[in-house]
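Per Swiss-Prot, the features are:
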type: BINDING; residues: Gly108, Val109, Ile110, Gly111, Asp112, Thr132, Thr133, Lys145, Lys154; note: NAD(+) binding site
type: BINDING; residues: Glu187, His249, His267; note: Zn(2+) binding site
Amino acid sequence: MSIDTVHVDLGARSYDVRIGQGLLARAGEEIVALAGPRRVAILTDETVAALHLPALRESLAGQGIEAPALALPAGEATKCWAELGRAVEWLLAQRIERKDLVIALGGGVIGDLAGFAAAILRRGVRFVQIPTTLLAQVDSSVGGKTGINSPQGKNLIGAFHQPALVLADIDVLTTLSPRDFRAGYGEVAKYGLLGDEGFFEWLEANAAGLASDPALRQRAVRHSVEMKAGIVQRDETEQGERALLNLGHTFGHALESATGYSDRLLHGEGVAIGCALAFELSAKMGLCSQEAPSRVAAHLAAMGMPARIADIPGDLPDDEALIGLMAQDKKVQDGRLRFVLAHGIGRAFVTDAVDPALLRQVLAQSR
């Protein structure tokens, strides 16, 4: 299969997202084309380093680039001040300057943290995203959102800092555990649910084959990236339309916070439950027929994904506490909760006109 290129047109901050097989092996060639950086430093995590760092270093060495690497602990808990500080001080020790390059090799956690480190290092250093999870390839590596978590909520500390290049090698996705692959699928399904019913129908027919069929996998990643790139081009800093990409995230982030950002609930699993809850709330409010949430829940179940709060193992805070966690969501304006709801599959919109009684009802019925 050929390599697909999706161009993200943001004027001086424009860049390409390259999608296909074998991109890790040709990363050196792709990176040298970026006006030849003098120094390159890699931020990754311990799990990804064991799987993919040797291939990346070999590719860079083939172009005469030596690249030191720092491997941080794997997992959402790494998106914190302590690990950010460690990464920044290490980059300074490597004497990375503005015209040099930071490579983020990993999933969404590493991409977010490395991008934020690059944003604040010397007031802005270029960086390249090499996403190694399905979630990162279709969502977090594209669009320039970088940051870390706070004990008060997810992604509350960060900056917009666009990458110089994204290399999405679909072959590396074969090293993911089935659970991690399914978690990433939560973000893929989100694109169909928020703005493209035809894509959701395609997923209903083909998603079961994504893990084993590289052609299907490449098509799903490309279409997801095309949808996100279009939205980012029209609303880079989330003043309006880009908020639609947060479908499922108001619920999902609260649930992630409630589980302590642990492996009890992966981000994509939280998004899946959040999408199901958003459609249930939409139906309860009379915005769409009950057929829509039933279809969403059925598809998530068919993919082996959680769709209810009851699917999360262990104890959780009560509904009032969950609503309190939602109040820390980035979309809150003037103290009012804002939700991405839907008039049907592929017809999402943002609103703060949500009946608290119906919200509590939806949460209670999901337990």
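Note that Cβ sites are derived from N, Cα and C of the backbone, with glycine treated the same way.
In the three-state DSSP reading, Lys154 (NAD(+) binding site) counts as strand. The Cβ centroid of Glu187, His249, His267 marks the Zn(2+) site; residues of that chain outside this set whose Cβ lies within 8 Å of it are Leu135, Asp139, Gly186, Lys190, Gly248, Gly252, Gly268, Gly270, Val271, Gly274, given in sequence order.
It is 19 Å from the Cα atom of Thr133 (NAD(+) binding site) to that of His249 (Zn(2+) binding site). A C-beta separation below 8 Å, combined with a sequence spacing of at least six in one chain, links His249 (Zn(2+) binding site) to Gly270, Val271, Gly274, Asp329, Val340.
His267 (Zn(2+) binding site) and Gly108 (NAD(+) binding site) are 9 Å apart (CA-CA, integer value).
According to DSSP, Asp112 (NAD(+) binding site) sits within a helical segment.
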